[in-house]
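Visitor: Got these off Swiss-Prot a minute ago, pasting:
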{"type": "TRANSMEM", "residues": "70-93", "note": "transmembrane segment"}
{"type": "TRANSMEM", "residues": "156-179", "note": "transmembrane segment"}
{"type": "TRANSMEM", "residues": "195-219", "note": "transmembrane segment"}
{"type": "TRANSMEM", "residues": "291-309", "note": "transmembrane segment"}
{"type": "TRANSMEM", "residues": "346-369", "note": "transmembrane segment"}
{"type": "TRANSMEM", "residues": "385-411", "note": "transmembrane segment"}
{"type": "TRANSMEM", "residues": "433-455", "note": "transmembrane segment"}
{"type": "TRANSMEM", "residues": "531-549", "note": "transmembrane segment"}
{"type": "BINDING", "residues": "Cys573, Cys582", "note": "[4Fe-4S] cluster binding site"}
{"type": "TRANSMEM", "residues": "589-610", "note": "transmembrane segment"}
{"type": "TRANSMEM", "residues": "664-686", "note": "transmembrane segment"}
{"type": "BINDING", "residues": "His675", "note": "chlorophyll a' binding site"}
{"type": "BINDING", "residues": "Met683, Tyr691", "note": "chlorophyll a binding site"}
{"type": "BINDING", "residues": "Trp692", "note": "phylloquinone binding site"}
{"type": "TRANSMEM", "residues": "724-744", "note": "transmembrane segment"}
Amino acid sequence: MIIRSPEPEVKILVDRDPVKTSFEEWARPGHFSRTIAKGPDTTTWIWNLHADAHDFDSHTNDLEEISRKVFSAHFGQLSIIFLWLSGMYFHGARFSNYEAWLSDPTHIGPSAQVVWPIVGQEILNGDVGGGFRGIQITSGFFQIWRASGITSELQLYCTAIGALVFAALMLFAGWFHYHKAAPKLAWFQDVESMLNHHLAGLLGLGSLSWAGHQVHVSLPINQFLNAGVDPKEIPLPHEFILNRDLLAQLYPSFAEGATPFFTLNWSKYAEFLTFRGGLDPVTGGLWLTDIAHHHLAIAILFLIAGHMYKTNWGIGHDLKDILEAHKGPFTGEGHKGLYEILTTSWHAQLALNLAMLGSLTIVVAHHMYSMPPYPYLATDYGTQLSLFTHHMWIGGFLIVGAAAHAAIFMVRDYDPTTRYNDLLDRVLRHRDAIISHLNWVCIFLGFHSFGLYIHNDTMSALGRPQDMFSDTAIQLQPIFAQWIQNTHALAPSATAPGATAGTSLTWGGGDLVAVGGKVALLPIPLGTADFLVHHIHAFTIHVTVLILLKGVLFARSSRLIPDKANLGFRFPCDGPGRGGTCQVSAWDHVFLGLFWMYNAISVVIFHFSWKMQSDVWGSISDQGVVTHITGGNFAQSSITINGWLRDFLWAQSSQVIQSYGSSLSAYGLFFLGAHFVWAFSLMFLFSGRGYWQELIESIVWAHNKLKVAPATQPRALSIIQGRAVGVTHYLLGGIATTWAFFLARIISVG
């Protein structure tokens, strides 16, 4: 008798042709909503169209349909990203001085944009060195291209075309997986399989293939470039991949192939998989051999992580079990029910992912300057400042987005009847304690951090420098930060005996790396000035968290409005006849949180910009004397509010204000224009709906008089629309002003 194991049941995970492709449908504005599809009666229609076009929850209640729309939209997003990348590479191929920069990256500035003199604006094409005139770019693409082994503009062309092909492929995939073969809900909820593919596939194999590229292509090409070989003489990437002898000339252990791997004699590979620490003195970037080693290690970790969860084979972790086992003696039911929340609410899922990605983006901002990963990045001060600022802003927006979607989850997806005594329920039940304590912390930090500055301004104004908090009078040294710095500076000799230097030169230890007479990085001293501004950071971050967390915890109900959940995510007030209930919706908390996020990030990027110009960036003489851009004035000037205004904002804005008539004049115009956009926002934030409705009605009267009245009735913006337009212009104007101020300054002095 033959006993067979039962045949595995094949689950059909897609529906065929669920939604027909219809261009007529797409051409009808608002086809996703009965009300909007009727067309406009009033001008509010266009606002509703924009507000609801991507709010898939408002189109349908069917979770499967919502999931498919989100999934399909992701392919569209990827298509746009590939298109953008293709454009970047195309500019590098067609309009840039990449090959010239590659031959002399210390004296030639990167440029990939040449202004066409259509209206006589050719003055913007500044001399970036090497006889090339164009706009200096600060995105870091040149440094990435060099690190990845791109040596010619032809290679950039090919990559640009490849990215276009991928963009088309993604567009097709988005259409295919919604209209032709749409996944079933069960597929979206199969978290273990998803973890398997995302961890082992995307992150594991992705890192492994990148490590392979770095070892076989980037390392040899960069070795030649560092030695001063003409890029045209360097073998092409495929020659290194196909011809092992070429690599063996640079790294002799390559001649032995995979033998050392299988005989566990891994130290043979230490030539190109290193653990040195510190920066390469030739390029001022991390050792590329360290980076290759890192990606190999990360790949192994993620390949293992991706195989820990139970998929088709009945072994491994079950995520639901892990979450339900996760409870301590004081946490009631713990994470019971969290699995159901995260598999049925995309908003809950998104909130967690945005919070983590936002935090990670801010971590990236801090590592890009302290451990500059690409060759010649550290000495390109404009790019360093831009990368820090960019990643800080993005991180701030993502974290506010996390709070927004957490609140939407609370309003739309949270079911209080099934949740009892789990962690979320317990947090909600003592939300008053959380918010009131957080409020106390904010008041304490605000008064004390600001108070230290006010004290210093007062003493300075009264001519009593000996009574100020400063490194030369009453010291407030950041002793914990200094302790962390020293621990890390001493680490290589203690915890990592194989490493020749610490993870970052910023920790201390006296090393300085300079490339082409410019400082790449050196130990960053921390003193009283940093202690003061650090507490301003603590204050602004805590206030942002207070506003956002209050919005989430009180999204469904509060003492003021017990039935808030019925009013939805955004509403202006709790109806007529209930005074004092405006600006309480979860949306309004996001709105207010954005302003404090803007405050918080502004102080961070100002601190960074001035600190680096004062204590890190500068030139080094043949005798080894470092001259910093602002001559080390941060420690004594930034300890008063007046100092920030006088020696940072005013002194450093001279470049942007005096840029007219030079190649930086576009930044001068942007500086002016962005101030205007910012001021324009105040018109929306400080005036009410009724004011505008009155004005509109008298304008409509005039149109009627002349018989030119439109069929669509004009309406004033609703309260929420006005605030949305206001905060958008406030942030756009503020960020663009900062951008123009930073870049004009750093391009002229850096």
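For all residues, glycine too, the Cβ spot is worked out from N, Cα and C.
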Visitor: Which residue among the binding-site residues Tyr691, Trp692 has the fewest other Cβ atoms within 10 Å of its Cβ, if you could check?
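Guide: With the binding-site residues Tyr691, Trp692, fewest surrounding Cβ atoms within 10 Å: Tyr691.
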Visitor: Starting from each candidate's C-beta and looking 10 angstroms out, tell me which of the binding-site residues Cys573, Cys582, Met683 has the most other C-beta atoms.
Guide: Cys573
Visitor: According to DSSP, which kind of secondary structure is the residue listed as 'phylloquinone binding site' found in, if we only use helix, strand and coil?
Guide: helix
Visitor: What is the interatomic distance between the Cα atoms of Met683 (chlorophyll a binding site) and Cys582 ([4Fe-4S] cluster binding site), given in whole Å?
Guide: 19
Visitor: At a C-beta cut-off of under 8 Å, are there same-chain residues at least 6 beyond the transmembrane segment (346-369) that contact it? List them, or none.
Guide: 66-67, 70, 377-378, 384, 387-388, 390-392, 394-399, 401-406, 408-409, 412-413, 521, 608, 612
Visitor: Give the distance between the Cα atoms of Cys573 ([4Fe-4S] cluster binding site) and Tyr691 (chlorophyll a binding site), rounded to the nearest whole Å.
Guide: 18
Visitor: Look up His675 (chlorophyll a' binding site) in the DSSP assignment and report helix, strand or coil.
Guide: helix
Visitor: The transmembrane segment (195-219) and the transmembrane segment (385-411): do they have three or more Cβ pairs under 8 Å, with pairs 6 or more apart in sequence?
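Guide: Touching, no - the transmembrane segment (385-411) and the transmembrane segment (195-219) miss the threshold of 3 or more Cβ pairs under 8 Å.
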Visitor: Taking the Cβ of His675 (chlorophyll a' binding site) as reference, which residues of that chain separated by at least 6 in sequence fall under 8 Å from it?
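Guide: Expected: Gly733, Thr737.
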Visitor: What does DSSP call Cys582 ([4Fe-4S] cluster binding site) in the simple three-state scheme?
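Guide: Assignment for Cys582 ([4Fe-4S] cluster binding site) reads coil.
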Visitor: Apart from its near flanks, which chain residues at least 6 from the ends of the transmembrane segment (195-219) lie with a Cβ under 8 angstroms of it?
Guide: 147-149, 237, 240-241, 247, 250-251, 272-273, 288-289, 291-292, 295-296, 298-299, 302-303, 305-307, 309, 311, 319
Visitor: Can you tell me which parts of the same chain pack against the transmembrane segment (156-179), counting only residues 6+ beyond its ends and a CB-CB cutoff under 8 A?
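Guide: Long-range Cβ neighbours of the transmembrane segment (156-179): 17-21, 68-69, 71-76, 78-80, 82-83, 85-87, 89-90, 92-94, 98, 145, 150.
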Visitor: Quick check for the class: what is the C-alpha distance, in angstrom and rounded, between Tyr691 (chlorophyll a binding site) and Cys582 ([4Fe-4S] cluster binding site)?
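Guide: Rounded to a whole number, the Cα-Cα distance is 18 Å.
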Visitor: Look up Met683 (chlorophyll a binding site) in the DSSP assignment and report helix, strand or coil.
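Guide: DSSP call for Met683 (chlorophyll a binding site): helix.
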